[in-house]
Amino acid sequence: MKYIIVTGGVMSGLGKGITAASIGRILKNRGYRVTAVKIDPYLNIDAGTMNPAQHGEVFVLGDGSEVDLDLGNYERFLDIELSGPHNITTGKVYRSVIEKERRGDYLGDTVQIIPHITDEIKCRIEQAATEGDENGAAEICLVEVGGTVGDIESMPFLEAVRQMRGELPEDEMVLIHVTLIPEDTMGDMKTKPTQHSVKALREAGLYADMIVGRSEHPIGLHTKRKIASFCDVAAQAVVSATTVPDIYQVPVELEKEGLADAITTHLHLDRREALEEWYNVVAREYTSRITVAIVSKYGIEDVYLSIKEALKHAGRALATEVKIVWLDAERYEPCQLADVDGILIPGGFGIRGIEGKIRAIQYAREHNIPFLGLCLGFQLAVVEFARHVLGWKDACSEEIGDGRHVIAILPEQEGVDDLGGTMRLGNYPVTVKAGTIAEQLYRRSTITERHRHRYEVNPEEISALEEAGLVFSGLNGPRMEICELPGHPFFFATQFHPEFRSRPTRPAPAFLGFVSACRKNKKTP
């Protein structure tokens, strides 16, 4: 197993996760089997209970793990399926060590950060790295150490990496440090922040083999040589990673900088020619443009990162640029929906913004605007239909109020008090009905999709909803998973989250259908 450790310095938010995913992609382009591990140095067990406004999207893996959004980037860039062990948190590590101490596994030892915590970290990295899938075990494992070098929270993880480096042969680990190269008012690139960041890395007992400099403009040879001189790396090991308009362009830029060659040389991997698949995806040109309104609770785009990317995947496959208009569910005006080509209601929880989302669904249904609802968007589509087609004015979800509960809590969720990891999570099979839009999109009778919810369509109300014209075209046993409206340009909603399985090379069918319908019903120039 070869390890690529990715650390970050100077500041957070540099795009370290995208850089790590892109490194994995350029190696996969050369035919290597690559997996990835994200280390999050927070005390939470996982991302499931974290405020998305602070932390961004909670990404759900196939095994039901609720993880950091960077794992979504890994899955999209590498086109792989990861599992919970690939997200290591301080909370998981400490809980495991404390449980072992309580069982007596340490035989009376004084339990300390070194060696017990660091041993647990190393064990978890190695277990995740060697976990295989249908394609076999990986050859290369990317390990992104979250946070910034110098943070107190990251120190045990950096120490574990230091120990691993000493235990492994030199050609089995490479450390890539991602740092910021700012410019002064005269446009000159400043290397001092990078020098200090590398110094902090050395203080942790680690040294960088390669440096990726994040900058607004390409890093010139003079600056690269200066960084190389002060940071003890070769000039060709200093790589420029400029800001690009499309994140899927980053692997192409890193390949041009020679990073793949530098990594394979350091790790003594055989040289292989890069495959063209990724470059063909990136190079596709747009022939049309649509505008999609996302009516949401949060005004932070990272909360809906996978939806943004899934729209981009579908748009690229259909040569259509997708412009997103973000509308606050509590404040938007109906006139703002008049000129969009499609309306999307994402998942979410709680009562805030619910009525605004329902009004947007009603507008889409009555004005024949393509509509896609996801998770909560699916549930609210049922509520809207019950209110305005069946005339049940008090129709609502059990989650949000009293009235006629067309959306009810799942039986297994009754009496559940703990919030973390207790929802209906991960992959479940969905049976697709013949002769429906769902069948046209998926072209299969059974599909597998990822879930994250506690509520479902009330079984007692299904017959009345179907008799009024709502079609439930996807089922999981007694549970309704997909609904659609015949005769509408595109009115489609899913209880599951199709965005979590969308890939640049394999867009999610629900998003393909939505973007295609938006193109056909295009209003915007």
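Cβ coordinates are placed from backbone N, Cα and C, and glycine is handled just like the others.
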TODO: Could you look at ASP63, ASP68, ASP70, ASP79 and say which one Swiss-Prot places alongside GLY13, LEU14, GLY15, LYS16, GLY17, ILE18 in the ATP site?
DONE: ASP70
TODO: Among SER12, SER22, SER65, SER306, indicate the single residue that Swiss-Prot lists for the CTP site containing ASP151, ILE152, GLU153, LYS190, THR191, LYS192, PRO193, THR194, GLN195, LYS226.
DONE: SER12
Task: L-glutamine site partner of GLY348, LEU376, GLY377, PHE378, GLN379, ARG454 (as recorded in Swiss-Prot), chosen from GLU321, GLU330, GLU399, GLU439 - done: GLU399
TODO: Check each residue in the chain of GLU499 (active site) that is at least six apart in sequence and keep those whose C-beta is under 8 Å from its C-beta; list them in sequence order.
DONE: SER306, ILE307, GLU309, ALA310, LEU374, ALA508, PHE511
- [ ] Compute the average pLDDT of the predicted model within the region 'Amidoligase domain' (1-269).
- [x] 94
Open item on the list: Same chain only, sequence gap of 6 or more: which residues have a CB within under 8 Å of the CB of GLU144 (Mg(2+) binding site)?
Closed with: VAL6, LYS16, GLY17, ALA20, ALA36, VAL37, LYS38, ILE39, ASP70
Task: Most crowded position, judged by CB atoms within 10 A, among ILE152, CYS375 as recorded positions - done: CYS375
Task: Number of other Cβ atoms within 10 Å of the Cβ of ASP70 (Mg(2+) binding site) across all protein chains - done: 22
Open item on the list: Tell me which of the binding-site residues LYS190, LYS192 sits in the most Cβ-dense spot, judged by other Cβ atoms within 10 Å.
Closed with: LYS190
Task: Cβ packing number for HIS497 (active site), 10 Å threshold - done: 24
